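Features reported for this protein in TrEMBL:
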- K528: ubiquitin cross-link (CROSSLNK)
- K529: ubiquitin cross-link (CROSSLNK)
- C78-C86: disulfide bond (DISULFID)
- C201-C222: disulfide bond (DISULFID)
- C285-C293: disulfide bond (DISULFID)
- C406-C429: disulfide bond (DISULFID)
- 233-331: domain 'Fibronectin type-III' (DOMAIN)
- 335-435: domain 'Fibronectin type-III' (DOMAIN)
- 517-562: region 'Disordered' (REGION)
- 441-464: transmembrane segment (TRANSMEM)
Amino acid sequence: MLALLGATTLMLVAGAPWVLPAASGGTNLKSPENGRVCIIDDNFILKWNSNSESVRNVTFSAEYKIPGMDNWKKLPGCQHITSTECNFSSVKLKNVYEKIELRIRAEKGNNTSQWHEVKPFIPFQKAQIGPLDVHLEAEDKAIIINISPPGTKDSIMWAMDHSSFMYSLVIWKNSSRLEERTETVYSRDKIYKLSPETTYCLKVKAELRSPRRVGLYSPVYCINTTEKHKVPAPENIQIDAENQVYVLKWDYAYENTTFRAQWSHEFLKRIPGSHSDKWKQIPNCEDVKTTHCVIPQNVFPEGIHRIRVQASNGNNTSFWSEEKIFNTEMKTIIFPPVISMKSINDDSLHVSIGAPKESENKSVNQLYPLIYEVIFRENTSNAERKVVEKRTDFTFPNLKPLTVYCVKARALTENDKWNKSSVFSDTVCEKTKPGNTSKTWLIAGICTSLFSIIVAIYVVKVLLRCINYVFFPSSKPPSTVDEYFSEPPVRNLLLSTSEERTERCSIIENANTLTVIEETNPTDEDHKKYNSQTSQDSGNYSNEDENSGSKISEELLQQETV
């Protein structure tokens, strides 16, 4: 053991020796040199080099001093030592974080050398993790490993770190060292994916992550796995969250088998020792004949747990399956947020996001800090604006008036290690209010419409008047003409028929006499003869028509006289 310690310890080289006055008669002895301390777990070893090898019967003694001590005390286990090292593990240290001072001298009878002082040190900083004791148990496809934590049962060196140790294991088939694999295990753990009836060898070392310490490998241990078990263990354990429940699934190739599942807290793995009595039966997962079971979410408290499944066929049961680590936080469903949007003015929209709710109306934000990813776009465009913020109120400015905009959002966990998000919410759309320019155009449009309506009415009215004038003329002549006629007005020439047409002619010989001549002509004749003469006319008509007209006028005058 001393050889192993000597080969693997950390060396503390002494500083420049502090020379004390030699005792009476001690000038013939030289002081020791190169004093150093080696600490493995709770074993404290002091080593030095002797400068008095030529002198016979020389012994060495050491003293120590810790804070709070005024005088040096003899170091237990290091008095009158004939070799150049001693074990002072029996020193009752109350605090391994306090500085210790050591000094050594050579002695022969009453002669002593000067003191050689070792550089002061803090035990915890100089301590190294020693080799581990390992106990193995075999299954057909697995090996159960039990590791004794570093130090002794009453260790003071690692008293605060027993639950902080991690163990690095190297395992290989005894027949081939080339197939080595390294795994990180707990003090009591299982190594899976092995072959039945095969010899495996392994070695283990302990590690501390804070402060960083790497221990020494244990001796090599070998063990044979058992023959293949009659009832195989379930494989590929999976658990998923669906709505308000968890669904536990596994693979199994054989029929007529029942299953049961158990769970345990993950932190128990970090506590040395066996915790087989801490496993708890999962409700709805006992004596099931299917390769899955449904578990209410309230069965598991928040945190990290382990799940295992066992198969049974009559009186035969399988080994437990490989344990599946299950984090309730990772399996929690984040629901999409609730969005509302309203128009503030002609160029801005305000978006409010309500935190997603769990089925029990408990805000997810109480468990996981959330941020929100908001996608904003114009309804008729595919160009999107994306905003990722922790706040729940957003204002989008500089928008177009009287334009429809749409928004959707989803919730994300603020901590990247969870990497969880909800689905996007329903899309909400809202139209911006009209701006000043829009109002002006609206008023102008209304005025233009009214003017157009008036113009249209006027045009229709004129058109109707023309139609009435042409197709439905008035039957009454103008008043200036009507006063001279006692007969009904002539019919519209455009609407004449084959009836006879009567023409009324008037001959005015002077200003006071009006002669009316009525002629009836066949409808196929179309001519009129007018003869008029006033007091101002002085000419004679030379054609025959005019002469005949004069004769007719004279006859009429004679008849009126009679």
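Cβ atoms here come from the backbone N, Cα and C positions, even for glycine.
When the alpha carbons of C429 (disulfide bond) and C201 (disulfide bond) are compared, the span between them is 67 angstrom. On a Cα basis, C222 (disulfide bond) lies 35 Å away from C86 (disulfide bond). Counting only same-chain residues six or more apart in sequence, the Cβ atoms lying under 8 angstroms from the Cβ of C78 (disulfide bond) belong to L46, F60, S61, A62, C86, N87, F88, I104. Nearest by CA distance to C406 (disulfide bond), out of the disulfide-bonded residues C201, C222, C285, is C285. Outside the transmembrane segment (441-464), and at least 6 residues removed from its termini, the chain residues within Cβ reach (under 8 Å) are 434. Taking the domain 'Fibronectin type-III' (233-331) as a whole, pLDDT averages 90 in the prediction.
Neighbour list (C285 (disulfide bond), Cβ cut-off 8 Å, at least 6 residues apart, same chain): L248, F259, R260, A261, C293, I295, V309.
Least packed by the Cβ count within 10 Å, out of the disulfide-bonded residues C201, C222, C293, C406, is C222. Local packing around the Cβ, expressed as the count of other Cβ atoms within 10 angstroms, is greatest for C86 among the disulfide-bonded residues C86, C429. Summarised by DSSP class, the composition of the domain 'Fibronectin type-III' (335-435) is 3 helix, 51 strand, 47 coil. DSSP places the residues of the domain 'Fibronectin type-III' (233-331) in helix, strand and coil in these numbers: 15 helix, 53 strand, 31 coil.
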